[in-house]
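What Swiss-Prot records for 310-320 is compositional bias 'Basic and acidic residues'. Summarising the annotation, Swiss-Prot assigns compositional bias 'Polar residues' to 555-567. If you look up Swiss-Prot, you'll see ASN55, ASN67, ASN89, ASN97 marked as N-linked glycosylation site, on the strength of sequence analysis. The topological domain 'Cytoplasmic' annotation in Swiss-Prot covers 1-21, 149-158, 211-219, 266-343, 449-462, 511-567 (among others). As annotated by Swiss-Prot, topological domain 'Extracellular' applies to 43-127, 180-189, 241-244, 365-371, 422-427, 484-489, with the evidence given as sequence analysis. Annotation comment: Swiss-Prot describes 22-42, 128-148, 159-179, 190-210, 220-240, 245-265, 344-364, 372-392, 401-421, 428-448, 463-483, 490-510 as transmembrane segment.
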Amino acid sequence: MGYDEAIIHLGDFGRYQKIIYFLICLTSIPVAFHKLAGVFLLAKPDFRCALPFENGSSYDLPTHLWNLSYPENERCSYYDVDYTEEYLNGSIPRSSNETKTCSSYVYDRSKYLNSAVTEWNLVCGRDFMAATSDSLFMLGVLLGSIVFGQLSDKYGRKPILFASLVIQVLFGVLAGVAPEYFTYTFARLMVGATTSGVFLVAYVVAMEMVGPDKRLYAGIFVMMFFSVGFMLTAVFAYFVHDWRWLQIALTLPGLIFMFYYWIIPESARWLLLKGRKDCAIANMQKAARFNKVEISDEALSELLDEGENSEEKAKQKLEDQELDEGPPPSVWDLFCYPNLRRKTLLIFLDWLVTSGVYYGLSWNTSNLGGNVLLNFVISGAVEIPAYIFLLLTLNRWGRRSILCGCLVMAGLSLLATVIIPQRMHTLIVACAMLGKLAITASYGTVYIFSAEQFPTVVRNVALGAASMVARISGMMAPFLNFLATIWKPLPLLICGSLTLVAGLLSLLLPETHNKPMLETIADGERFGKKTKADVYLETGQELRAPEAQPLKGSGETNGSTIANGHK
């Protein structure tokens, strides 16, 4: 009852909700722009040292000049010799094998006109700086999810969404005009923080616009708009070849969303939570009029009161329970009991691998060879069928089966790219994209699966901790791709191995589909644990179990026991 019941009386997912939902989903597109722009902003083309006798030369050199100038497989130094005409035409041998470190570079501009890497020479001893910049962007995403999440709960969804968009535009433009690396990196960190502010708030508002039976679809369609933004990033990169103008071009569409301040209503759920019932009813009546539904303020108020009373009773029951049991359970309680600890570590591993591999693959398209833009578009496009697959199967198949199957498929596909001969380029890209499709489906599954594994008393904080693990792995992803400088297939080898292991270990987690939600720490400890009672029942033997000890948060009073199996 309550707000969910009121939504149904307003026309459920009526015309008003559809329009607002669509407008909210559009904000996911610029979020994708900024999260994936680093592939082109920090693109690293082929390069070589600029030789002393060169002045504005092109990247290409005749083979004999290359052999005379550079040691084998070396791009960061050249032979320290006198490059006379006689030496260059081969008339005299090389006088020394001593090398000299580059002072300037020549870049291959056949794929990229320029990038932040070519402008600030982020190669050789400075090549880690490009990965560091992307990693700090993901640090911004982590910080933004903490800061903007709390602010939206305190001040409302609408003002924080608008503030995030304004800050995003300002720092997005600053990144495009940054005079040097550190200003650029700081601006990108701030943009990363605002992507959380925009996407997190938009996602919450989108979910609050619909009833419980449509939230699965609402959440996945938001992600589909992110995938559209993924692909559109390549379209911008195709037409805008200068990295500075590309950054600005990807930022300016955010100005369109400034008009949302006068269009998007404040969340009715948030207004009710803050006791602003009259404002919530006014917003809901606006939706009713747009949907051509007639409902009186009194009827709406009665529906909301019923929900409010139910929530207050549940809250009071929880408070009374906490007083009886002492301090409320925390995320640390997940590590105090063996079965809960095992499941928690497995879930954290799934989040770590899924997030790291997702971003690693998204940013690794330039290392696959061939047409970088085409690889990038395909990498975004394969996310759509992944989400459609989830829509069709999440409520039909087991969560564990989907998560395990998708992770194993991703692992095998990525490992296949390592053993396929390099000349079979199309097959390598196809396997990598199949891996991307599977890891995207895993990403969509792991959240629901995790929420059903954790007890209610610690569910929110546990999911927050799991999300934190995912953000940390996202920060590691740029350095994972950096390993391609050692051996090109190494990132895919690591991603494939980790994903395969995580998928197989997921079989150790209990299935949650069509199972009741866990309420207490004791429920969480028992769930998926094969007790002596189960063993005796399977063998037909009589069970005489000793009295079990109470678990924290079990819902039992002090001194009582929890039955460990059947009587």
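Numbering starts at 1 and runs along the chain as displayed.
Placed from the backbone N, Cα and C atoms, the Cβ positions cover glycine too.
Structure coloured by features recorded in Swiss-Prot.
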| residue | record | Cβ neighbours (10 Å) |
| --- | --- | --- |
| ASN55 | N-linked glycosylation site | 7 |
| ASN67 | N-linked glycosylation site | 14 |
| ASN89 | N-linked glycosylation site | 11 |
| ASN97 | N-linked glycosylation site | 9 |
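By number of Cβ pairs under 8 Å, the transmembrane segment (22-42) is matched best by 220-240 from the list 128-148, 220-240, 428-448. In this chain, the transmembrane segment (428-448) touches the transmembrane segment (490-510); three or more CB pairs sit within less than 8 A of each other, excluding pairs fewer than 6 residues apart. Helix first, then strand, then coil: DSSP counts for the topological domain 'Extracellular' (365-371) stand at 4 helix, 0 strand, 3 coil. Using a Cβ-Cβ cut-off under 8 Å and counting only residues 6 or more beyond its ends in the same chain, the transmembrane segment (344-364) has close neighbours at 36, 38-39, 134, 138, 230, 334-335, 379, 403, 407, 410, 414, 432, 435-436, 439-440, 442-443, 446, 449-450, 453, 462, 465-467, 469-474, 476-478, 480-481, 484, 491-492, 495, 498-499, 501-502, 505-506, 508-509. For the topological domain 'Extracellular' (484-489), DSSP puts the residue distribution at 2 helix, 0 strand, 4 coil.
When the Cα atoms are compared, ASN55 (N-linked glycosylation site) and ASN97 (N-linked glycosylation site) turn out to be 24 Å apart. With a cut-off of 8 Å on Cβ pairs spaced 6 or more residues apart, the transmembrane segment (428-448) and the transmembrane segment (372-392) reach 3 or more such pairs and are scored as touching. Across 128-148, 190-210, 245-265, 372-392, the stretch most heavily in contact with the transmembrane segment (463-483), judged by Cβ pairs under 8 Å, is 128-148.
If one looks beyond the topological domain 'Extracellular' (241-244) by at least 6 residues along the same chain, the residues whose Cβ comes under 8 Å of a Cβ in the stretch are 40-41, 43, 112-116, 119, 176-177. For the topological domain 'Cytoplasmic' (449-462), the DSSP counts in helix, strand and coil order read 12 helix, 0 strand, 2 coil. Sorting each residue of the topological domain 'Cytoplasmic' (211-219) by its DSSP state yields 8 helix, 0 strand, 1 coil. Listed as Cβ neighbours of the topological domain 'Extracellular' (365-371) (distance under 8 Å, sequence separation of 6 or more from its ends, same chain) are residues 39, 43-44, 379, 422, 425-426, 428-429, 432, 481, 484, 488, 491.
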